[in-house]
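For reference, the structure discussed in these notes is given below.
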Amino acid sequence: MRHVAPHARETAARRKVLDALGYSGRVPVDLGLPLPRAATTAPPAPVVSAGTRSAVSTAVRPDTSALVDRFGRVAHDLRVSLTDRCNLRCEYCMPPEGFDWMPTAQVLSDDEVIRLITIAVEHLGVREVRFTGGEPLLRKGLERIVAATSALRTADGEVPESSLTTNGLGLAHRAGALAEAGLARVNISLDSLDRETYATLARRDRLPDVLAGIDAADAAGLKPVKINSVLMRGLNESHAPDLLAFALRRGFELRFIEQMPLGPPEMWKRGDMLTADEILQILGTRFDLAPQDPAERGAAPAELFTVAPTGDVPGGTVGVIASVTQPFCGACDRTRLTADGQVRTCLFSRTETDLRAMLRGGADDESIAEVWRVAMWGKLAGHGIDDPGFLQPQRPMSAIGG
């Protein structure tokens, strides 16, 4: 099995610019905007947030309506968390009990969510909207929010693509209505096909309900159905080949994700985490994998591999998202909105920008858009997991949104 690093090749010109700006990290991929020019005088002091990598402020923010940052990245993908509540207690995400949910009054109303999505699409160049949680199917107004999103148009007159990241519980009863509302596709979490193992990981015996949700999504045309799997050492790593066989037989797109430091602190240790290379080695015990051209990856987080057919399993593709060991920060095109109306520039950020207060204080759309732009301009170069002073976000994963 051959394996190549996913990063796009650096160019000498972009490296030279970044060296002049005092940034020593990996060169971001070219997303269509030039990097800011190096200042002829000393750059401003670095912007530092506790526990995150500092990023040097390199230039005056360009006169553009887009969500651009100081490293030339443009955010076209909006992740909207609709609730911090969840009906599972997955080991890598939440403690088994004793969780304090957001007070209802702090959570954005349906109308507030729709207004912020409208601002993002019509003022800020967002082209994709993904609804997350917690568990977004627990949001009663989900279909209305999806329908309102589908009624929007980008500056090019296109319908923004809407998708859903879900654990699948309840999807069997709502997939059809969501498809009718305009939802394009779903990502469904599935960490094992063994019922006992699934119940251990999720702390709930709900595997049949998840599989029913997957079937319903497929039948409703929410394609390609994507499956997200997190492998944990000593629990479900040996189940990876069976998950891949299941996905290939059904025509689903499977993505294995390295466990990230976003759940209970005691549940993540760098040395215990299964790396992307280890995941590929496990899959290689049953399948022949060949890496696809990394130049075609763009801003997608997954490195893709072609899987050769074997026995009764057809060929296809599988992805590995190596957020920790091979981060894709240089190509990140995401902006995030929490259920209580905070803009986050990164999953691992320890700073937020409050849009809820602006909404409820009577701010107009352009004022909110401008604050959003300023927040994204301050996005750091990377998530900083390997930095000596790295600290997990104060929020748990369920309150950020995947």
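For all residues, glycine too, the Cβ spot is worked out from N, Cα and C.
According to TrEMBL, the feature domain 'Radical SAM core' maps to 70-300. As annotated by TrEMBL, GTP binding site applies to Arg79, Arg130, Thr165, Lys226, Arg334, Thr335, Arg336. TrEMBL lists Cys86, Cys90, Cys93 with the feature [4Fe-4S] cluster 1 binding site. Residues or ranges marked as S-adenosyl-L-methionine binding site in TrEMBL: Tyr92, Gly134, Ser189, Met260. TrEMBL lists Cys329, Cys332, Cys346 with the feature [4Fe-4S] cluster 2 binding site.
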Between the Cα atoms of Tyr92 (S-adenosyl-L-methionine binding site) and Cys86 ([4Fe-4S] cluster 1 binding site), what distance do you get, rounded to the nearest Å?
13
Would you kindly give the Cα-Cα distance separating Cys86 ([4Fe-4S] cluster 1 binding site) and Thr165 (GTP binding site), rounded to the nearest Å?
12
Find the average pLDDT over the domain 'Radical SAM core' (70-300) in the predicted model and report it.
93
Round to the nearest Å and give the CA-to-CA distance linking Cys86 ([4Fe-4S] cluster 1 binding site) with Cys332 ([4Fe-4S] cluster 2 binding site).
26
DSSP-derived structure type at Ser189 (S-adenosyl-L-methionine binding site), helix or strand or else coil:
strand
Ranking the binding-site residues Ser189, Thr335 by other Cβ atoms within 10 Å, which is at the bottom?
Ser189
I'm trying to understand the geometry here, so how far is the Cα atom of Lys226 (GTP binding site) from the Cα atom of Cys332 ([4Fe-4S] cluster 2 binding site), in Å to the nearest whole number?
20
Are any of Cys90, Cys93, Gly134, Ser189, Met260 (the binding-site residues) within 10 Å of Arg334 (GTP binding site) when you go C-alpha to C-alpha, and if so which?
none
Just the number: how many Å between the Cα atoms of Cys346 ([4Fe-4S] cluster 2 binding site) and Thr335 (GTP binding site)?
7
How far is it from Cys332 ([4Fe-4S] cluster 2 binding site) to Arg79 (GTP binding site), counting Cα to Cα, in Å?
12
